[in-house]
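Listed in Swiss-Prot:
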- C142: active site, acyl-thioester intermediate (ACT_SITE)
- H235: active site, proton acceptor (ACT_SITE)
- E237: active site (ACT_SITE)
- K163, S192, R249: substrate binding site (BINDING)
- E111: site 'Important for acyl-CoA specificity' (SITE)
- S192: site 'Important for substrate specificity' (SITE)
Amino acid sequence: MPIKIPIHLPAKDILEKENIFVMDDQRAITQDIRPLNILILNLMPEKQKTETQLLRFLGNTPLQVHISFLRMSSHESKHTSKYHLDTFYKKFEEVKSKKFDGMIITGSPVEHLPFEEVDYWKELQDIMNWSKENVTSTLHICWGAQAALYHHYGIDKHHLPQKCFGVYEHKLLHPHERLVRGFDDYFFAPHSRYTDVSISEIEAHPDLQLLAKSDDAGVFLLASKDGKHIMATGHLEYSAETLAEEYLRDHQRGVDTAIPENYFPDNDPKKQPKYRWKSHCSLLFSNWLNYYVYQETPYQWGE
């Protein structure tokens, strides 16, 4: 089934060229089906790139999905035009009276700051508190996962001696859990972060279950036992070239970032990286949408 998006969203043309099934509002109303309403809180600087990455996988499931984009009122985006934000994004005041079947909270390049020093932290806390009663399940990505662990479960992040940057092998810990159905026992996922969370703190928390970890990258995938919160500390949604683009960007800014590990063939940035996590991203999104959103959400909120 398709994702339902605004007719003029720039990502629409890109996705259609990739043979991703997208549908605009005019066509969607002709189908007698209630779509899943998914809210995406996009905290990434390059919002259009993140939109495309997420929609690529949200559109690859048997479910019709209606997408709404959310931005922060307490933060001014420097890398996305005001026109794009005003056209395609809502503010929290505009959506907080509604119910959503699922929500995605993306990463954000603010991990060097304590949570309380992030300019939109209070607003994000309000959104996360609101989600407890108004969203069936939330998928948190990278810094968004760390923010959720801190806010909901009191588990803080800590700084790494060097950036966790590359594609790492992960071990599946609970293969019979719904979220990881179809996953291989070992699989790859990209990471790009300067901070981490403690495996021991997660394993000791009675409301959390660690589902996948890496010897080199640490915690990767975990969930609350009630299914309300799914957290991925890496970026399965990244395209094959994203880490290369981040590496080049850092060096253009004078940041001496190491070559991403296990990424470029022969560690040569001139060579095309291998895309070896795409199928597991598809599984993660389809399992989340099916088992944690579609199967759990009421057909009509209030029932």
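In case you wondered, yes, glycine gets a Cβ from its N, Cα and C as well.
Quantities reported herein were computed from a predicted structural model and do not represent experimental measurements.
Sequence features, as recorded in Swiss-Prot, placed on the structure.
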| residue | record | contacts (Cβ under 8 Å, 6+ apart) |
| --- | --- | --- |
| E111 | site 'Important for acyl-CoA specificity' | W143, Q146, K157, R193, Y194, T195 |
| C142 | active site, acyl-thioester intermediate | T106, G107, S108, S192, R193, A232, T233, G234, H235 |
| K163 | substrate binding site | S192, R193, Y194, T257, A258 |
| E237 | active site | T50, Q53, L54, R56, F57, I141, C281 |
| R249 | substrate binding site | none |
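Neighbouring residues of the recorded substrate site, listed in sequence order and excluding K163, S192, R249, comprise F165, L243, E246, Y247, D250, T257, P260 (Cβ within 8 Å of the Cβ centroid).
For the recorded site, R249 (substrate binding site), the DSSP three-state label reads helix.
K163 (substrate binding site) carries a strand DSSP state (E or B).
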